[in-house]
Amino acid sequence: ALRACLHPKARTEKKILLKAIGLTLVLALSTLIATFGSSFQYGFNVAVVNSPAPFMQGFYNATYQERYGTPIEDSFLTLLWSLTVSMYPLGGFFGSLMVAPLVNKLGRKGTLLFNNIFSIVPAIMMGVSEVAGSYEIIIIARILVGICAGLSSNVVPMYLGEISPKNLRGAIGIVPQLFITVGILTAQVFGIRHILGNNTGWPVMLALTGIPAVIELIFLPWFPESPRYMLIQRADEKSARKALQRLRGWENVDAELAEMRLEDQSERAEGRLSVLNLCSFRSLRWQLVSIIAMNMGQQLSGINGIYYYADSIFSSAGVRENDIQYVTVGTGTVNVFMTITAVFIVEAAGRKLLMLCGFGICCAACVLLTIALTFQVYWMPHVSIACVIIYVIGHAIGPSPIPYVITTEMFRQSSRPAAFMVAGSVHWLSNFTVGLVFPFLEKGLGAYCFIVFAFICLATLIYIWVVIPETKNKTFLEVSQLFSKRNKTEIVVEATDTDMKDLDAKDRWQEDQRVTP
């Protein structure tokens, strides 16, 4: 069997098969390098401060006492730690605001390379913070890595969505979320007490975020820029053709270039849309509302609350305090496994079905978790653990990865940067809000706080069921046409000047010549 696999004919047939489905070596390596260098850091920095928190707070106390001669007050220590945690999503919000100008000026790949500044510099800062005796350095560095995460969480899905063939766009679009979960799991593993989650290892652990950035900085320049960016925004057909030929593995890419030109013609009248124009443009109204609803639903559905409450749930189930870290790693492993599953089923099941199933599972898990936490009979704590795992499974197959994919598919080239800027801002503001509000919500409502999350999951599910169309295996222009009826507009490419018109239904009869995809 091994000889058969290594036979030149077998290898040739394998290459032909991979080319037939669109997955070439260049496309695969571009995806892996971009997601490991950028998305992995996002996940890693989400979880990196959780395990070493007691030791980092001990450093804060020791530094304060060395400076001022008295122990730090509990309230001030809580404030410093809250800033350490919350500055990350706040930096993510600032990073999202930078998406549109940077991707239009530097390109998708260029922005990812530039973004490594916001990873390497804070990695060095956090690595030397203990030696420098400064907790302020850590807080500032958390803002900078937050900016890195805010940029990468938007630019990576945009870049991958534009370089992928339409039959693989869903699967490749989930890979960034996969590497986010791998980053979270890696931080959880390194945070085990006898590895780096201890009094001497935490500065090294914080500094590790710079390694993926260096790898991306070395290897990503060797891979192509987005052909759509080169053709539509830079009008450089020669470079776009060359990039597309490398990504597809064959010379004849005329059909895909023609589809890009058609998209360019259909939106030429729009120009490059700003966020303000995006909000006022009638033909994009429901797409804009949809990305806001999906990103709010993703973050406000309780995923951060589940992780926040997980340790107390595991403790109430009888898990020993020293073993909780291993259970947490197990939960992270489930998250990675289910995201891998989503990569392989998204093109068969479709985006909409995975979103509906995911939010439905999360809603049911929140309701059951509320019941289990309220009625603490002897076997209920084990039900609580099962609910946490079920919730993580539901979120991993739909609500976590799919909004990035759909955001890429719902907008065309001129509006995509501004759309990601809006989606990213909503994502990070919602993330920041949950981190800020959940402790008070949990203190005031107790276990019933998960009913709030269940309601949000249900509301998002209903919205997706009613409004969001299935977008799998469709071109960007075809997806725009799916929304045109709900927006009461029509995407038109005239035979004369190839401009796009946004037409009211009552004016459509006046148009007598149309060219559609």
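Each residue, glycine too, has its Cβ placed from N, Cα and C.
What TrEMBL records for this protein:
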- 31-472: domain 'Major facilitator superfamily (MFS) profile' (DOMAIN)
- 16-36: transmembrane segment (TRANSMEM)
- 79-100: transmembrane segment (TRANSMEM)
- 112-131: transmembrane segment (TRANSMEM)
- 137-160: transmembrane segment (TRANSMEM)
- 172-196: transmembrane segment (TRANSMEM)
- 202-223: transmembrane segment (TRANSMEM)
- 288-309: transmembrane segment (TRANSMEM)
- 324-346: transmembrane segment (TRANSMEM)
- 353-377: transmembrane segment (TRANSMEM)
- 383-406: transmembrane segment (TRANSMEM)
- 418-439: transmembrane segment (TRANSMEM)
- 445-468: transmembrane segment (TRANSMEM)
Examine the transmembrane segment (79-100) against the transmembrane segment (137-160) and state whether at least 3 Cβ pairs sit under 8 A, considering only residue pairs 6 or more apart.
-> yes
Within the same chain, the residues 6 or more beyond the ends of the transmembrane segment (202-223) and with Cβ under 8 Å of it are 26, 29-30, 33-34, 36-38, 40-41, 44-45, 48-49, 52, 55-56, 59, 109, 112-113, 116, 119-120, 122-124, 126-131, 138, 141, 145, 148, 187, 190-191, 196
Chain residues in Cβ proximity to the transmembrane segment (353-377) (below 8 Å; excluding those fewer than six residues from its ends, i.e. six or more beyond) | 294, 297, 301-302, 313, 316, 342, 345-346, 383-384, 387-388, 390-391, 393-400, 402-403, 406, 446-448, 450-451, 453-454, 457-458, 460-461, 464-465, 468, 470
For the transmembrane segment (172-196), distant same-chain residues with Cβ under 8 A (at least six beyond the ends) = 27, 31-32, 35-36, 38-48, 50-52, 153, 156-157, 160-161, 164, 202, 204-205, 208, 322, 325-326, 328-329, 332-333, 335-336, 339-340, 342-343, 346, 396, 400-402, 404-405, 408
Give me the mean pLDDT over the domain 'Major facilitator superfamily (MFS) profile' (31-472), rounded to a whole number.
-> 84
Which range out of 137-160, 418-439, 445-468 gives the transmembrane segment (288-309) the most CB pairs under 8 Å?
-> 418-439
